[in-house]
């Protein structure tokens, strides 16, 4: 077989490289972005529903099942993270080798297996009959309060509108009536009865029950806590963005194995898994003997403290990386091994246990039954808002730091010319400020008195 001249071989190799680097067509880009948004849409629909549906499988009137429900949220996040082990190890390694198509097919197969497993348990699930749309109820309260904004609110809560007999139309979406609270009195105007005739033909967009008003108040009480979680999510989102950029500029060799930068995320998964069990079987048992288990708000505060420490650790690692900086093939590099990132990933995982797991449990407990999926959605929305806030913060930092004497900025393409450590310290400072605000809001937070509501219902019905 005749040999092929080396010049022809080089020409063929150049052509293949040119083909590989060709820009995608509009149709290909459209399919790609549609796929990405489908994943976002599916996750946004799945995540809030599955946590609420899972919590509904436990009977809150049973003491043992109530404890199991509290543990469920931790185990759910463990399962959710363990599913990502394959993604950040084997799939990340395959994608670094260019095997994207195979990686996508494996992900598709995993999703199909999940659908099948969910369907197999359908006959054994506890199902609850839907009793309305909580979002519509919230909108009705807002509309009625605006319409009645000039109406004087009665001094006594007993004069506000509430149905005496429980029917499908007037019971709260939590299924139980709620007692009146003095907060957000402007919303009480939605339950002001203008005249007796109006009481007989109540219009839901003009007159609402006290229970409907109190359900909206529950959401508003949680709003400051939710806003504080966004800055935490900003720190959490660095794990899938700047942490990976940092790892790409470090030594990823481990013996004869090349560690993909995204593969370091496995240590966050291990951190979540370890701390769920450490907290459940060690910390809780010890504290219950010497003091008491921390409240949900206290655990969320601990999560903010740990995430602040994670950002400080990340900045310290970046400072060490810069001290060992090298340049390889015109790319930023360092002789410092990626393994130095392990502590910051583990701390982020630990903070997730105390923050995200607890926040999901807290919102589920504090909202009426019909609005609990909204509480889970608020947890997921916090992650999304944190990613947007992170992108905004990066843009702002680059805009400010690049304008001084033509400097490369804190987060340039060549990290050896930047100061990512300062960026991490800024996030740590923001987290510390967020912690102070969280402590203030947590001290002022007052949960709804559900038990009293039940007593009032019993008295009214008797």
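The backbone N, Cα and C atoms fix where each Cβ goes, and this holds for glycine too.
If you look up TrEMBL, you'll see 72-94, 100-120, 266-288, 300-317, 338-357, 377-402, 423-442 marked as transmembrane segment.
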For the transmembrane segment (300-317), sequence-distant contacts whose Cβ falls under 8 Å of one of its Cβ atoms, 6 or more beyond its ends: 225, 228-229, 232, 235-236, 238, 243, 246, 294, 336, 340-341, 343-344, 347-348, 350-356, 358-359, 362, 420-422, 424-425, 427-428, 431-432, 434-435, 438-439, 442
When counting Cβ pairs under 8 Å to the transmembrane segment (100-120), the leader among 72-94, 266-288, 338-357, 377-402, 423-442: 72-94
Within-chain partners of the transmembrane segment (338-357) [C-beta distance under 8 Å, separation at least 6 from its ends]: 73-74, 77, 81, 229, 232, 235-236, 239, 243, 246-247, 250-252, 254, 259, 261, 264-265, 267-276, 279, 299-300, 302-304, 306-307, 309-311, 313-314, 317, 320-321, 379, 383
